[in-house]
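*Asks:* First the structure, then my questions, so here it is.
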C-alpha cells in the first residue's frame, strides 16, 4: 500500500520560525543520506530533500524535530498491524490510532518490509509515455435545444446519421497531437483553462476512453503494455479519479473505505496478518492520514442525505484511491472543495508516494499555488486542445519568457502558465514589441513554436529512447507482481485482486450495511405489504367462508391478486439500480469488482427482505382468504409465489440495466407489467385470446405459475352448488337433469361442480401441468438472473459528449443568418481580434490584475489600486447598500441523535457597505452554516444571538433584500441565461419598477459579467450547456439581477474555477464593493494575491469558534501581525498568508496549534474592540429613521398573482423543453392503450365479451403506477430548485409554486387522456355499443371526460404523495399502495355485496369505484346480450313441456335471460342474461349514476390537490417561531421542518 506524506510529523514548534530549508539544513541532510547504505530506505529521503521548494516554503520544524528522526531511522520492517504499546518494538508513528502517527513513517516501514523480501512482495513500478496522442469525440447531433416538437426530427436525423456513410463532420477533435513522458516517481501537473482538454488528457493516459476515441496513430505505452492490455489485465494499476465525489450515501466513512480495502487486500500482504486484519489496519491508516478518523461512523451522505462535509467527502474519494494502491494515478481537479493548506498537503502526499513507492501521478489543478507547483517534476500546458509545452516544471517559466511573454513579479508560475492561454490575460514583453519580434499568440502559432523548440526535440528523443528500451522483462515484472497480489482463486489474467466469489462476499457485506443504515425504506415495504395482505385478505373473507361453486370467480380473482402482488412487488427496485450505477461504474475503473459481482450480491442481499415480505404477505393472505387448509397445498402456493417474486425481480432488473435513465425504463417496464398481468390467463383465458396475441401467454412466466396455483387450489375438489337454473318457487322440488348448476363446469343432474371440470372448461388447465409451472418459473428465474449479470457486466454507461453550448432553435436560426452576413462583411478581420472577442475572461479584471502585479510594493497605497479598479469598471447603475449588517453572540445548535451539538459558538462580526469580507476556516468549521444562519436559511436547529440590520432585527423583507450565491450552481437547466436573469429581476425587484427598466438592468448585469456571447445559451447540464465558469457567473448574475439593497453572500464563488476565472470573480466582487455593495464571501483556496483583495477577515476554527475578525491590511500585514504577536511563528515573506494562517491555528491536515487561538482571541484587545464597536453600532444605528416604504417591508417584492403568472409561464416552458418526460408519458399512453385495445379488440356482446370489456377498463387504470413514477422525479427536480434557491431568497411564494405545478401539469394530462380515449374507446368497440343504444355522441363525450379525469387524477394523487415526502421512491411506494387499495375495493374483483360489511366504507371512498362504475356503464349499457355456445347452460325440460313453457315462470321472476329455442323439448339452451344492464347490476353498476359518478370523481381530484397543498405547507414550508432572549431582544428566527415520518 502507498500512503501520502503526513505533512506534520511533529506539531508546530512555536519557537521555530517558519523559514523552510536553509542551506545548513540541506547540507546536513545530504551528509546524512550519504552516510547510509544503499539498502537503507533513507535513499528515498534524498528525493524528499529535492521536494523542498526553492523558496523555502517547507516548514523547518518538520525537518529539525521529529522529521529528522524519520529521515535517519533505519526501519527494521516492523509489522504495523499488531502494534502493541506493551511490546518492545512498538512505534507510535506506525499506529493509526495514536496521536503521534506519521504516514510517512508508515510508508517507509512498509517499503522496508517489501524491499526486504522482493521474491515475496514483488516490488514494481509503472511509467507511461505517449506519442502523437490525439482524441476525438462524436459531434453532438443536438446543436440546438430539444423541445416537444423538434425531438422527433432530431431523432430521425440521428438515425439517418447512423445509417449513412461516416463523415469527417461526425467527429470533432478534442485533443490535437501531443507527447509526454512520465518515469516512475514523477509528478505531472496539467494546466489549462476549462475546456482546454485537461480532463480528456487524463482520461486518455489512464485508458478511460469510454465516450471518445483515441486516434489510430497515437502511441501510449506503460512499460511496454498497451492501453488494451491495461484495460483487460491491469485496470487497477492505472486509475482515473473524477472530479465528482460519488459514494453510497448511507454507508459510513469506515464502511465505504473498508470495503475498498477488503477488495484490494493482496495475497502477498505482511506475513502473519489475516486478510481482515490487514484491511482494517489499512482503513485506519487511510482515515488517519487524511483526517477522517473523527468521521469513522458518520454517513458519507450526499446532497439529500446528511453526512460528512463536502471537503471531507472529497477526502473520502482521495482515500479510496490511496487504498487501491494504484501505481499510475490521474487526478481530475482533486483539490476542489479543499482549503489551500489541505490541497497543498494532498500534493505533498502524492510526492511522498512518488519518492518512496515510485508511483506516478498526473494532476489537473485549476487553482495551483506556488508551493504545490514546486512539488511537481513536470508540467503540461494545454491551450484549446493543443499542447504548447511539456517538460520540466521549473523550466516552463523560462520557456514562455523566451517565447516573448512577461511574468509580473508577484504572479505565481502556474498562474503565469495558465495566463498564456488567455489573450486577455497574457502580457507580451515590451522588448519583443519594440524589436518587432513576432510572438506566437494563437494556439497553432504556439504549437508550431513548441514543435520547433529544443525542448520538444529532447522530449521526442527521450520518448523514442524509452520506447526502444522497453522489453518483455518489464511486462513480465508487472505481470508477476500482479499475480502475486491476487487471491488463490483469482484468474491470473483478471485485473481484479480477489476472486469473483470473494468480491460477491464483500459487496454482500456492504449491501447489508446499506440496508441496515437505511432500514426505514425496507421496513416500510415489509410492513406496507403486510398491511396490504390484511386488507386484501379480509376483502375476500366473506366470499370464502363457504366453498360453493358460486365463489369460483372470486376465488380465481383472489389467486390472481396474490400472484400479481407478489410478482410486481419488485417493480420499484428499478429506482435503487440507478442510485448505485455510478458507484459501480467508478469501482469498475478501480478494478475493485466485476459489475456482475455487484449485481450478484445485490440479488442475494435482497433475498432476506423479499422472503420476509413474502412470508408475511402470503401467510396472512392465504388464511384470511381461506384457501385450502392443507400443509402441502400451502407450501406449494408459497413456493410458486416466491418464484414469481424472483422471476419478476430479475426481469425488472434486466430492464433497468438496459436503459440509461429511470424515465426510459418506465416505458418498457410498464408495458411488461401490462402484458404479464393481462396474459396471465385470468383476465382473458387462453382459449379466448385473439390469435395474434396468444404467443404472449406462452412466453409469460406468470401464466404458468398462475396455472399451477389454480390447479393447486381446485384439483380433486367438489364444490357444492347453491345456485341452479331454474330455481325458486315451483322449481325447488326439481331434481335430476331438469335443472343445472349455474356455474361453468357444471353437469346436468349433479348438485356439485368438480374443480377439475371448472378449470378445464374455463381456462383449459389440467392437473398434470402443476409442476410444469414450477419448472418453467425456475427456468425463468435462472435465465433472467444470468441475463441480468451479463447485462451488468457488459452494458457500459452513457457516453460523454464534448463540452458545447446549446441554444434554442430560434436563436440558432438567427445566429446562422447573422453569421452569413458577418462572414461577408468581416472576411478580412484579424483572427487575433476574433479570438480576443471569443474569450469570456473579464478584460477589466485582467487589466486590474496586471496593474496590481506591476505596482505592488511595500509603499504602494491600496487605495490607489482600488480607485484604478473602480475607474476601469463600467457604470451600470448597480444597487448601493447603505445599511450595516452586524451580529453578536451568534450560536447555532442542532440535535444529532440523542445529543445537541453546537455548530457555531458566539460568533461576532459585521459587514459594512463598500467592504469585501472574507470568511475562512477549515472544512467543517461552520462557514456555510454561518452564512445560512445570517441569511435565515437554516431549516432545523436553534439559533441564539443578535442579528441586526442598522441596529434593528431583520424584517420580513430581509431575505429578498440580500443576494446569496450558493456553492452549488443551481439553475433551471431548460432556461436560457437571459431568461434566468430576467426571472430573478421580474420577481425580486419591486413591482414599482417597470419591465423595461428591469430588462435594461439585466442587460447591464450581462455586460458587467461579460456574458454577452452566451446570453441566449441554454443553462443545460455540464457537457451540454454552460461550463463551470459560466455557471458561476450566472449564479452571481441571478443575485445581482435581484438588485439586493443590503448585502451579498457568496459561498465558495471560486471553487472549481481556474486561477484566471477565480481572479476575475474576485475582481467582480471588488467591483461590487466599490459600488457600495456589502459582501461577505467564504473562500477555500485563496492565493496570496486573491487574499489581499479582501478588506476584512472572519476566521473560524472547528466548532464554529472565532479565531480572528478584523482588517487584513495591506498585504495581509495586519492579520499576520496579530498572529505573530500572539505566539505564531514568523510568516515567510513569500508564503501564502492563507496557508500560513491555516497551519498556525492547526486547521491544515496534520498541523497542530501551539495554543487555543479561540481563547487567545477571546482574551485579546482586538476582541474587546469588536465588542465595543458592536455595542456602539447598536446604539447609534438604531436611532436612524426606518424606511416607511410599503414595498420595503413586504416578504415578496411582487403580488401572488404576478408570481403565479410568471412561474406558470416558466414551468410550461420547462415542460415544453423537456421532451423526454412528455414523450415518455405519451408513448407510454399510446402503447398501453394500443396493447389493451387490440387485446380486447372489438369485444362482442357475449358474457365473455362483457367480462372482457369490464376487465379492459380494469387494465386501463393499471397505467397509473408508471405514470406516477414518471411524474414524481419531475416534481422533485422542481421542488429541489425552489427550496434550495428560490424560496430562501423570497423569489416567489410557496403558494405560487404549488399552484403552478398543478395548473401546468393538467393540460398535458388532458392531452394524454385524449390520446388514450381515441385509441382505447374505439379499438375495444365501446362506440358500437353506444351506436346500438342510439347514444353515440353523449356516451362518447362522457367517456372522453372520464378518460381525461383519470389522467388528471394520476397527477393529483402524485402531488398528494410527494408533497410531504423527501424521496420520490418512498412517495412511489405510498402511491402504489394507495392505488392498489383503491383498485382492490372498486367492485370489480369483489362486488360490494360480497365484501365484509367492515370494508364497505372502502368501496365508497375508493375513487376508482366511481370511475370504473361510470366507464363500464357508459361503455356497455343498454345493449342486448347474445351468449356464445360455451356460455349456454343446458338442461332437460319435464316430459310433455317445451323449454318455453317450462321456463316462463322463472323468466317472469328473474326478469333476465333467454332461451335459444323456446319450442325445444329435448334440451333447453339458456343464457343467464339478455340485457347488458342486468349484467351491470351484478357488479353494482348503474347507467343512471354516470354523471353523479363524474362529479364525485372530480371531487376526489380536488381533494387530492387541496390535501397535497396542505401537506406541503405542513411538512415543508418553514414555520417561524420568534424566541425572546433574556435581555428582551429577538434572539433568533428558528425554522422548523415538520417531517411526516415516512
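From the backbone N, Cα and C atoms, a Cβ is placed for every residue, glycine too.
Sharing the record's features from Swiss-Prot:
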type	residues	note
BINDING	921, 922, 923, 924, 925, 926, 927, 928	ATP binding site
COMPBIAS	1-14	compositional bias 'Low complexity'
COMPBIAS	24-33	compositional bias 'Basic and acidic residues'
COMPBIAS	35-47	compositional bias 'Polar residues'
COMPBIAS	825-834	compositional bias 'Basic and acidic residues'
COMPBIAS	835-846	compositional bias 'Polar residues'
DOMAIN	153-409	domain 'ABC transporter 1'
DOMAIN	885-1128	domain 'ABC transporter 2'
REGION	1-61	region 'Disordered'
REGION	825-846	region 'Disordered'
TOPO_DOM	1-517	topological domain 'Cytoplasmic'
TOPO_DOM	793-1220	topological domain 'Cytoplasmic'
TOPO_DOM	1516-1542	topological domain 'Cytoplasmic'
TRANSMEM	518-540	transmembrane segment
TRANSMEM	552-574	transmembrane segment
TRANSMEM	603-625	transmembrane segment
TRANSMEM	634-652	transmembrane segment
TRANSMEM	662-684	transmembrane segment
TRANSMEM	773-792	transmembrane segment
TRANSMEM	1221-1241	transmembrane segment
TRANSMEM	1256-1276	transmembrane segment
TRANSMEM	1296-1316	transmembrane segment
TRANSMEM	1342-1362	transmembrane segment
TRANSMEM	1370-1390	transmembrane segment
TRANSMEM	1495-1515	transmembrane segment
*Asks:* Quick check: which same-chain residues outside 921, 922, 923, 924, 925, 926, 927, 928 lie with their CB within 8 A of the centre of the ATP site CB atoms?
*Replies:* 309, 311, 929, 1100, 1102, 1104
*Asks:* Which sequence-distant residues neighbour the transmembrane segment (634-652)? Criterion: at least 6 residues beyond either end, Cβ under 8 Å.
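*Replies:* Sequence-distant neighbours of the transmembrane segment (634-652): 562-563, 566-571, 573-574, 603, 606, 610-611, 614-615, 618, 622, 627-628, 669, 672, 676, 701-702, 705, 708-709, 712-713, 770, 773-774, 777-778, 780-781, 784-785, 787-788.
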*Asks:* With pairs 6 or more apart in sequence, are the transmembrane segment (1370-1390) and the transmembrane segment (552-574) linked by at least 3 Cβ pairs under 8 Å?
*Replies:* yes
*Asks:* Using a Cβ-Cβ cut-off of under 8 Å, list the residues of the same chain that are 6+ residues beyond the ends of the transmembrane segment (1221-1241) and lie near it.
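*Replies:* Residues packing against the transmembrane segment (1221-1241) from afar: 148, 151, 663-664, 666-667, 670-671, 674-675, 678-679, 684, 689-690, 692-693, 1215, 1252-1253, 1255-1256, 1259-1260, 1263, 1266-1267, 1270, 1274, 1308, 1311-1312, 1315-1316, 1319-1320, 1322-1325, 1351.
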*Asks:* So what pLDDT does the topological domain 'Cytoplasmic' (793-1220) average out to?
*Replies:* 78
*Asks:* With pairs restricted to those 6 or more apart in sequence, evaluate whether the transmembrane segment (518-540) and the transmembrane segment (603-625) have 3+ C-beta pairs under 8 Å.
*Replies:* yes
*Asks:* Hey, which bits of the same chain come close to the transmembrane segment (1256-1276), Cβ under 8 Å, at least six residues off its ends?
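*Replies:* For the transmembrane segment (1256-1276), the far contacts come to 571-572, 662-663, 666-667, 669-670, 673-674, 677-678, 683, 1218, 1221, 1224-1225, 1228-1229, 1232-1233, 1236, 1239-1240, 1243, 1301, 1305, 1312, 1316, 1320, 1324, 1350-1351, 1354-1355, 1357-1359, 1361-1362, 1367-1368, 1371-1372, 1375-1376, 1379, 1383, 1388, 1408, 1411-1412, 1415-1416, 1419.
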*Asks:* Please list residues from the chain of residue 926 (ATP binding site) whose Cβ is under 8 angstroms from its Cβ, counting only those at least six apart in sequence.
*Replies:* 892, 903, 904, 1100, 1103, 1104
*Asks:* Cβ under 8 Å to the transmembrane segment (1495-1515), counting only same-chain residues 6 or more beyond its ends: which ones?
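*Replies:* Sequence-distant neighbours of the transmembrane segment (1495-1515): 1294-1295, 1298-1299, 1302, 1346, 1349, 1352-1353, 1356-1357, 1359-1360, 1363-1364, 1407, 1410-1411, 1414, 1537-1540.
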*Asks:* For residue 923 (ATP binding site), what is the tally of other C-beta atoms lying within 10 angstroms of its C-beta?
*Replies:* 22
*Asks:* Which sequence-distant residues neighbour the transmembrane segment (552-574)? Criterion: at least 6 residues beyond either end, Cβ under 8 Å.
*Replies:* 525, 529, 532, 536, 540, 543-544, 606, 610, 613-614, 617-618, 621-622, 625, 627, 637, 640-642, 644-645, 647-649, 652-653, 655-656, 662, 665-666, 669, 673, 676-677, 680, 682-683, 702, 705-706, 709-710, 713-714, 719, 743-744, 753, 758, 762, 1265, 1269, 1369, 1372-1373, 1376, 1380, 1384, 1389-1390, 1394
